[in-house]
C-alpha cells in the first residue's frame with residue numbers, strides 16, 4: 001500500500017511478496033516524469049478517441065456542450081462575424097480565435113489543445129513541487145494526483161477549456177517562484193483576460209513581490225514602518241514591472257477586442273460574470289435566496305451584501321499567506337468559489353489544480369486525508385440527488401437543494417480550516433534572482 | 001446563422017383568405033387533389049409529451065387515414081408559451097444527428113425565467129416514418145423555465161397548445177394550388193429548413209383536437225423567503241467567522 005511520509009517521501013510497506021515487488025517496480029517506473037507524462041497523455045488521447053466514438057454512436061454525447069459553443073463561436077469568427085453572435089458564448093474572443101482550426105482543420109483540434117494544456121499543467125505542478133523542495137520521486141507522485149486524476153482528464157477530453165486557465169495560473173506561479181517576472185506577468189495578464197477569478201491573486205502577488213524585494217527575514221534586513229518606507233517597499237521595481245506588463249497586456253487586449261467587438265465583448269466577457277444572477281439551481285449557498293428574492297426591490301442590496309464574506313476572506317487570506325504564494329492562491333480560489341453567488345462543478349477545477357502543491361505540506365494522517373476527500377464527494381452527492389429529482393423528475397426539492405448547498409459550504413469551510421491548521425510552512429530553498 | 005433564421009422566419013405571417021378557391025375533381029388549374037371534410041376527418045395530429053421534469057420531448061405523429069399526394073409536405077406551427085423554450089443550438093445539433101427539421105421565429109433566451117421571456121413559434125417539419133407508411137413523426141426537445149416563486153405546495157402548469165397543421169404540394173405551385181373545398185387560410189411560411197424562401201401553405205382546420213397537455217413544474221416557495229434569507233446569511237456569516245478565526249490564528253504576517 002502506498003502512503004506519503006512526513007517529508008513527502010514515498011514508501012512501500014514491506015510485504016516482501018513477489019507481486020508486491022513487481023507492483024513496486026512498475027509504479028517506480030511510472031513515477032519517472034517522462035513516463036508519467038506519456039501515460040497521462042495517452043490516457044487523455046484515448047478518452048478523446050472514445051469521445052468521437054460515443055458521439056457518433058450513442059444518444060448521450062461525450063463532448064461538453066461548451067465545446068460546441070466554442071466551435072460555433074469560432075465558426076462565426078471564420079465568417080468575419082462576432083463570436084458573440086453565438087448566444088451563451090461568454091469568453092474572450094481570443095479563445096474563439098485560437099480554436100479556428102476546429103473549423104479549418106479538424107473538430108477535435110480544441111480537445112487536443114486542452115488535453116495538451118492539461119498534461120502541461122501536471123508538468124508545471126511537478127516543477128513547482130521540485131522548487132518547493134520535494135524530491136524528484138515525490139514531486140512525480142503528487143503531480144500524479146493531477147495527471148492520473150480522471151476528473152481533469154475527463155473534463156479536458158470532453159472539450160472544456162478549464163485546462164488552459166490551469167496552465168496559465170500554474171505557469172504564473174512557476175515563473176514567480178523562479179523570478180522570471182516578465183514571463184510571469186505575461187501569463188498572469190493572459191490568465192486574468194481569459195477568466196476573472198485569477199484577479200484574486202493580484203494582492204498576494206503584489207505583497208509577495210514586495211516581501212521578496214526586501215529579503216524578508218534576513219538578519220541584516222531593516223524594517224521601516226514609516227509611510228515612506230511602506231510606499232518604497234510596495235512600489236519596488238519588480239512589482240511595478242509586473243503590474244505594468246500584466247496590466248498593460250490585460251488593458252491592451254481589452255481595448256483591442258472592445259474596438260473590434262464593442263459592448264458585446266465587455267458585457268459577455270466581464271460584466272455578465274460580475275452582475276450574474278443565475279436563479280437556477282447551482283452549488284452556491286446563495287442560489288435559493290437569490291431565486292426567492294429575484295424580483296424584490298432589496299435583492300440588489302442582498303446581492304452586493306453576499307460579496308462581503310467573499311471579499312473580506314480574500315483580503316485576510318492574501319495578507320496572511322502571501323509569503324507562500326501556492327497556498328495563498330489555493331485558498332483564495334477555494335474561498336472565491338465556495339462563497340460565490342454562482343457555482344458549478346467546473347469551478348472546482350480552479351482550485352483542484354493547486355491542491356497538489358498544498359498536499360505535501362499537510363501533516364494530516366492518510367486516514368484523515370481520505371476522510372476529508374470522501375466528505376467533499378459525499379457533500380456533492382447529497383446536492384446532486386435532489387438536483388436530479390428537481391431537474392429530471394420535476395419534484396419540488398428546492399429546500400433540499402438549498403440545505404445541501406449550505407451543507408456543502410459548511411464542509412468546504414471545514415476542509416479549508418483543516419488544511420490551514422495542518423499546513424506545515426516550508427522554507428523554499430535557493431530562491432533564484434530576478435531574470 | 002441566427003440572423004438568417006430571424007430574417008426568414010420573421011416573414012411568417014397570416015393571410016386569411018376564407019373560402020378562396022374550390023376546384024372539385026381532377027384537372028383544371030388545380031394539382032388534382034382536393035382537401036375535403038371527409039379527408040380531414042381521417043387526419044390526426046397526435047402530440048405526446050414524454051419524459052418528466054424540466055427536460056421534455058414533444059413527440060409529433062401526423063396520421064393520414066386516406067390517400068394523399070406523394071409529394072405532400074407537412075408543416076406544424078407550434079406556439080410556445082413563455083414557460084418553456086426550445087434550444088436553437090440543440091436543434092441544430094439534432095438536425096445533424098437525427099435529421100430533425102425545426103425553425104424558430106425569433107431568438108430564444110436559454111437562461112431567462114418565464115416572467116422575463118416572450119413566447120415564440122416553432123416551425124416543425126415532420127418527416128415520413130419509414131416503419132409506418134402514411135405516418136409522419138418527429139421528436140422535438142423542450143425545456144421548462146424557472147417561474148415566479150409562489151405559495152406553498154403550488155406548482156406551475158405550462159400548457160402546450162395543439163399545433164396547427166399546414167400542407168403544401170410542390171407540384172401544386174405556380175397557379176396550381178393544393179385545393180381545399182373547405183373554408184381555409186393560406187399561410188406564408190418558409191418552404192423547408194433547407195429552402196427558407198417563402199411558400200404558401202394551406203392550414204387544415206377543424207381537426208380533432210385531443211386533450212391539451214401541460215408541463216407541471218415545481219416553483220420556489222415564497223413563504224420561505226425570510227427563513228431562506230436568514231438561514232443563508234447565518235450560515236455564510238458563521239463560516240466566514242470560523243475561517244477568519246482560523247486564518248488569523250495561523251497567519252504569517254510579513255510585510256518587510
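Each residue, glycine too, has its Cβ placed from N, Cα and C.
Database features, via TrEMBL:
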- A:35-53: transmembrane segment (TRANSMEM)
- A:94-117: transmembrane segment (TRANSMEM)
- A:239-261: transmembrane segment (TRANSMEM)
- A:323-342: transmembrane segment (TRANSMEM)
- A:348-364: transmembrane segment (TRANSMEM)
- A:371-389: transmembrane segment (TRANSMEM)
- A:401-423: transmembrane segment (TRANSMEM)
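Under 8 Å from some Cβ of the transmembrane segment (A:94-117) lie the Cβ atoms of residues 41, 44-45, 48, 51-52, 63, 67, 70-71, 73-78, 83, 156-161, 163-164, 166-167, 193-194, 253, 257, all in the same chain and six or more residues away from its ends. With respect to Cβ pairs under 8 Å, the transmembrane segment (A:371-389) is most closely packed against A:401-423, considering the stretches A:323-342, A:348-364, A:401-423. With a threshold of 8 Å between CB atoms, the same-chain residues lying at least 6 positions outside the transmembrane segment (A:323-342) that come near it are 128, 132, 169, 173, 176-177, 197, 200-201, 204-205, 208, 211, 216, 276-278, 282, 284-287, 290, 303, 306, 309-310, 313-314, 317, 348, 350-351, 354-355, 357-358, 361, 409, 412-413, 416, 419-420, 423, 425-426.
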